[in-house]
């Protein structure tokens, strides 16, 4: 096997193992650690730490440690979060959430840097176009990585379904499920009756082992990119000071289009936060039981993955406006339906329809928003995508932050309001682009979908 391809596969399967664990744990936080809102509070803290990490840490660690060891050490931050869940409390989960958040940005930055350097080196050796090889490497990576959401949630559902403490959910308890959920721990005694400690420890043991395997895979099999080979990339990292990089992110807000895209970017965090933090708890766990959370999120991950691939291909024919319209209509319909629907166990199929439609919409938000940033801000990609990470992460922080303070129907109204605002400001961006003369550097008439980046998924 060609050496560079071997390294791409090592990184891909390392991330698959790591995010199999993290993805499953994130889906369960609001249900498994619901007491005093600990689970969603930990996720809010996690994304706040990610914002800080994105601003400062990646250039430092990659410069000092190189890509391989930055990836390995950052992966250990994710393992710390799994360990913190063994004895979940404010004193264990919040610190380990901070650790994971700080490790998230260096992990993804080092991965992107490694694949870029590896693709460039192979292209030079083979006499091929570097951009084509890099795109192939990222394609292989996401092909493997995307399935992590399926495996992580499948593991959790298979293990938690072994619980012998099945609880019948009374009509009175079902009244506390759905959009007008009771802001109490009532559901903890019904559908979300906490599984036995032995099952929880088994699940966390599997997740921790998966993370450890990811680290070992990288340490043992991933080649360190030699310093002379990586010199060009490292010079790019060294060139700007950290303060200039930090300030460049905010200087980019002078671009009117960037400011107009903030609601759309934050909406991505809001809608993902609602699905994993609220839908899983007040609809699925409340009415069916915690063992169904994994199956529901598998449905979301599978549809999201397939639609991401599909929309990336067809966007060149349909254009991004039509896809944004599709996602808006689909999400709006889901939000209205969730406001009206009273979840009941006998309506099992309906619990899977919502995440499937949500996955379709999210695929558009991810592929097309990333592509839009790449097209509009071609000359300032670093600052633009730093803003993307910043505002989407802020959306996550806010969504998880108010998760335990508001009833679900209020969150759905907030979600709908932000969606409407997002489409208005996005429409303004398209209007500005249409007004700009074709010869102007900032005006790009391309309608392709761009890469599907999962960086802010952690």
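Placement of Cβ uses the backbone N, Cα and C atoms for every residue, glycine included.
The annotation transmembrane segment is assigned in TrEMBL to 39-57 (among others).
What TrEMBL records for 69-88 (among others) is transmembrane segment. Counting residues 6+ beyond its ends, the transmembrane segment (69-88) has Cβ neighbours under 8 Å at 11, 14, 18, 21-22, 25, 32-33, 38-39, 46, 58, 61-62, 95-97, 99-100, 102-104, 106-107, 109-111, 114, 201, 204, 207-208, 211-212, 214-215, 218-219, 222, 224 in the same chain.
For the transmembrane segment (94-117), same-chain residues at least 6 beyond its ends with a Cβ under 8 Å from one of its own Cβ atoms are 7-8, 11, 15, 22, 41-43, 45-50, 52-54, 57-58, 61-62, 67-68, 70-71, 73-78, 80-81, 83-85, 134, 137-138, 141, 225, 229-230, 233, 237, 389, 455, 458. Look at TrEMBL and you will find 94-117 (among others) tagged as transmembrane segment.
Among the features that TrEMBL reports, transmembrane segment is placed at 137-160 (among others). Among residues of the same chain six or more beyond the transmembrane segment (137-160), those with a C-beta under 8 A of the stretch's C-beta atoms are 4-5, 8-9, 11-13, 15-16, 18-25, 27-28, 111, 115, 118-119, 195, 199, 202-203, 206-207, 290-298, 300-302, 304-305, 308, 451-452, 454.
According to TrEMBL, the transmembrane segment annotation covers 199-222 (among others).
Taken from TrEMBL, the feature transmembrane segment applies to 289-311 (among others). If one looks beyond the transmembrane segment (289-311) by at least 6 residues along the same chain, the residues whose Cβ comes under 8 Å of a Cβ in the stretch are 23-24, 27-28, 31-32, 146-147, 149-150, 152-158, 160-161, 163, 166-167, 191-195, 275-276, 279-280, 323, 351-352, 355-356, 358-360, 362-364, 366-368, 449, 452.
Within the same chain, residues 178-179, 271, 279, 283, 311, 315, 350, 354, 357-358, 360-361, 364-365, 367-368, 408-409, 412-413, 415-416, 419, 423, 426, 449 sit at least 6 positions outside the transmembrane segment (323-341) and bring their C-beta atoms closer than 8 Å to a C-beta of that stretch. What TrEMBL records for 323-341 (among others) is transmembrane segment.
Annotated transmembrane segment per TrEMBL: 347-365 (among others), in sequence order.
Nonlocal intrachain contacts for the transmembrane segment (386-404), taken as residues 6+ away from its ends with a CB within less than 8 angstroms of a stretch CB, comprise 30, 36-37, 40-41, 43-44, 47-48, 50-51, 54-55, 105, 183, 245, 248-249, 252-253, 258, 262, 265-270, 272-274, 277-278, 369-370, 373, 411, 455-456. Per TrEMBL, the feature transmembrane segment maps to 386-404 (among others).
The transmembrane segment feature in TrEMBL is assigned to 410-429 (among others).
Summarising the annotation, TrEMBL assigns region 'Disordered' to 437-458.
Taken from TrEMBL, the feature compositional bias 'Basic and acidic residues' covers 444-458.
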If one takes Cβ-Cβ under 8 Å and requires six or more residues beyond its ends, the residues near the transmembrane segment (410-429) are 179, 257, 260-264, 266-267, 270-271, 274, 278, 324, 328, 331-332, 335-336, 338-339, 372, 376, 399, 402-403
